[in-house]
Ligand SMILES: NC(=O)C1=CN([C@@H]2O[C@H](COP(=O)(O)OP(=O)(O)OC[C@H]3O[C@@H](n4cnc5c(N)ncnc54)[C@H](O)[C@@H]3O)[C@@H](O)[C@H]2O)[C@H](O)CC1
Ligand SMILES: [K+]
């Protein structure tokens, strides 16, 4: 998995990479700029209007200048807005790229800037080299850039946004942020949603060893990481290998949660799914999911099951005793969601009974009840890490970028998924997937990473044709396609 470094570490990373690869810093800037241009072309933005690029004096500006040259060579009309005083203030590589600009590119001083409306503005003013609070001249530039009504694409980070802390002042509000190598931590904070827009991360060929001596506990989970986490089943596998899972949940009026969870576990690959619920509700499950079995009353022989997911739609009334009894009987890692989490919040004495390496899947509200309230998301992530380490549990904090806190202190940020997944039942689908992987015998860490990634990918696939109409059942329907896309048998 790709380490996520701080803005300050990027300088050191670059120098390590340059030393190990033999590349020059100018070549690295060219690689980054080419990666951007490739992404840009893939988006199919209209080429009718000029591309405006606001360039600062540092290497972020250097990227902008190189991108201007590359786009101009592809017959785009390019206008550079100079957000620096003179050529003397440019960084070495920015100057090199400034001098390489062809005559055909218009260069306009920022004071004389007039936007071409409804086109594209590329924000290459400030990147990870931002230090401390913005200078007044920079604030003015950012305010002016934010007046733009067309599409804004920020390079690496929206200018003004610090790489790893919560924003206090002003920053560019981008429609897209195209970051290099890894997402800077601030880009995944919900507080910055209106600045970051859609997040894109592009590989720029940094050698792996360059990251080795740079410490970080944050990692980024990407498509290429996922296939090796899966267990391969062979032709001698039988339905027992695919796991016997028990899903405990549902209550009058909330049976849908358990049904979604069961369908999701089956689609993820579980061999045998049993739903445990109140006697009065069993016909609903048996009718809605004929592949699942039903159980009610006490859980007679919990050890029969390979994995258990507990909580979706369960309610909290009169559940604590059954939960306690179950936790005393069942010693393998489980998945706890929704009302299972609420029961833990209300009965803190249950927490020590939760088997080590169990997966807890709170959204922010459930997290606050269980772990406590935080001033901002960064602080919340710190608390999540503390909770996971202290209790030896895996905490999946759900959100736009779900963060998986592992018992060893690592925190993994998921890259898949999109805004359309914020729909009722989406979390129940995740619980089904996670329980299913545990049931197939995956290490809990792998189950968590695979479940979270496939869930997000299924959401991406389903929303291609559904957009805001997407419902949780569409996510389940897209699970098979995730295996096809990742080439998992
Ligand atoms: N490995 C990579 O990811 C690569 C990234 N690249 C790009 O380089 C920038 C970082 O470049 P750097 O020169 O270090 O800094 P910036 O351009 O971000 O900023 C320097 C610029 O900002 C001014 N400045 C600093 N603090 C303030 C402030 N408080 N107020 C106003 N202005 C400020 C400073 O004076 C300089 O002018 C990275 O983001 C990528 O875009 C490489 O191109 C490829 C490798
Ligand atoms: K920028």
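Glycine is no exception: its Cβ is also placed from the backbone N, Cα and C atoms.
The structure displayed is predicted, hence computed values, not measured ones.
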Among 21, 24, 159, find me the residue TrEMBL lists at the same K(+) site as 60, 123.
159
Can you tell which of 372, 427, 432 TrEMBL lists as binding AMP with 398, 399, 400, 401, 402?
427
Neighbour-count leader, CB within 10 A, binding-site residues: 128, 400:
128
Round to the nearest Å and give the CA-to-CA distance linking residue 62 ((6S)-NADPHX binding site) with residue 123 (K(+) binding site).
12
Give the subset of the binding-site residues 59, 128, 131, 363 lying near ligand 1, defined as CB under 6 A from any of its atoms.
59, 128, 131
Overall pLDDT for the domain 'YjeF C-terminal' (222-486), taken as the rounded mean:
95
Counting Cβ neighbours within 10 Å across all chains shown, tell me which of the binding-site residues 131, 363, 398 comes out on top.
398
Can you tell me which of 363, 398, 400, 401, 402, our binding-site residues, come within under 6 Å of ligand 2 at the Cβ?
none
Tally every other Cβ atom lying within 10 Å of the Cβ atom of residue 399 (AMP binding site).
18
From 60, 123, 156, 159, 363, the binding-site residues whose CA lies within 10 Å of that of residue 398 (AMP binding site):
363
